[in-house]
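*Asks:* Mind looking over this structure? Questions follow.
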Amino acid sequence: MATTVVLCSGGLDSSVIAKWAVEELGGRVICLFVDYGQRNAPFERRAAERIAEAVGAEFETVGTFWLRRLCPDNPMFAGRLPREAGTEDLSANWLPARNWNLLGVAAALCDHLYLEGEDDEFHIVWGINAEEAERFPDNTKEFADAVAEALKRGLPSRPRLHSPLAELYKPGIVRLGSELGAPMELSVSCYNPIWEDDTPVHCGECEACYHRKRAFERAGIEDPTEYLE
């Protein structure tokens, strides 16, 4: 039986790739949440856990905090993420080597399970997409292809890297999620979320909420998200 590790941040894309992994790859699926000290980690972790439960996957969480120690003033840690839509830029969202860090943790889990003799076929699924690839170099297909080759060459578990959203923009991701029956309503995109009755509530005003609203609108899919504004 194959084992698949899904990098699950608790966001919209994560809810779609988690469902995709269960439907397309089958076998044992583990949703892996990495807490690297991001300011919304408690909200994101809860969302990731609920997504895993909804799709019938296992859930694992790992803490890795060297990024926060190296970059303490980064907006991801310092609480200065843009409040209003239209104020976002690369400096507000770029965390040095974050995707390397996340992929490394997923790869380490694959190797651990391989060395324990639990499986001999491994997959890693992550949610890079075409929209973010236009701004972030570690979200491009070229980067993913290079990492996929490195994983095969550098690890005894030889995990295969899957990027099912790499050629999709947000509306396409929403459509795919709808087709799969992904639990998008459980995901958290907001920079300033709150929880009410174990349900994520989005502020409706930040850049992330703007992109989320627009994605559902352009996809022609009813938005299940609860917004304050």
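Glycine is treated like the rest: Cβ placed from N, Cα and C.
Per Swiss-Prot, ATP binding site is recorded for Cys8, Ser9, Gly10, Gly11, Leu12, Asp13, Ser14, Ser15, Val16, Ile17, Ala18, and the stated evidence type is sequence analysis. Per Swiss-Prot, the feature Zn(2+) binding site maps to Cys190, Cys203, Cys206, Cys209; the stated evidence is sequence analysis.
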*Asks:* Judged by the number of other CB atoms within 10 angstroms, which among Leu12, Val16, Ala18, Cys203, Cys206 is the least packed of the binding-site residues?
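*Replies:* Cys203, out of the binding-site residues Leu12, Val16, Ala18, Cys203, Cys206, has the fewest neighbouring Cβ atoms within 10 Å.
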*Asks:* Roughly how many angstrom lie between the C-alpha atoms of Val16 (ATP binding site) and Cys209 (Zn(2+) binding site)?
*Replies:* 17
*Asks:* Which residues of the same chain, at least 6 positions away in sequence, have a Cβ lying under 8 Å from the Cβ of Cys8 (ATP binding site)?
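*Replies:* Result: Ser14, Ile17, Ala18, Cys31, Leu32, Phe33, Ala48, Ile51, Ala52.
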*Asks:* For a quick check of packing: other C-beta atoms within 10 Å of the C-beta of Gly10 (ATP binding site), how many?
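*Replies:* So the Cβ neighbour count for Gly10 (ATP binding site) comes to 27.
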*Asks:* Which of these binding-site residues has the least crowded Cβ, counting other Cβ atoms within 10 Å: Cys190, Cys209?
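*Replies:* If we count Cβ atoms within 10 Å for the binding-site residues Cys190, Cys209, the smallest count is at Cys209.
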*Asks:* Determine which residues of the same chain, besides Cys8, Ser9, Gly10, Gly11, Leu12, Asp13, Ser14, Ser15, Val16, Ile17, Ala18, have their CB within 8 A of the center of the CB atoms at the recorded ATP site, and list them by sequence.
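*Replies:* My list of surrounding residues reads Ala48, Ile51, Gly127, Ser187.
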*Asks:* In Å, rounded, how far does the Cα of Cys203 (Zn(2+) binding site) sit from the Cα of Leu12 (ATP binding site)?
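*Replies:* So the Cα of Leu12 (ATP binding site) lies 15 Å away from that of Cys203 (Zn(2+) binding site).
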*Asks:* Restricting the comparison to the binding-site residues Cys190, Cys206, Cys209, which residue's C-alpha is spatially nearest the C-alpha of Gly10 (ATP binding site)?
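*Replies:* Ranked by Cα distance from Gly10 (ATP binding site), first place goes to Cys190.
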*Asks:* Can you list, in sequence order, the residues of the same chain other than Cys190, Cys203, Cys206, Cys209 whose CB lies within 8 Å of the CB centroid of the Zn(2+) site?
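*Replies:* Neighbours within 8 Å of the Cβ centroid, excluding Cys190, Cys203, Cys206, Cys209: Ser189, Tyr191, Asn192, Pro193, His202, Gly204, Glu205, Glu207, Ala208, Tyr210, Arg212, Tyr227.
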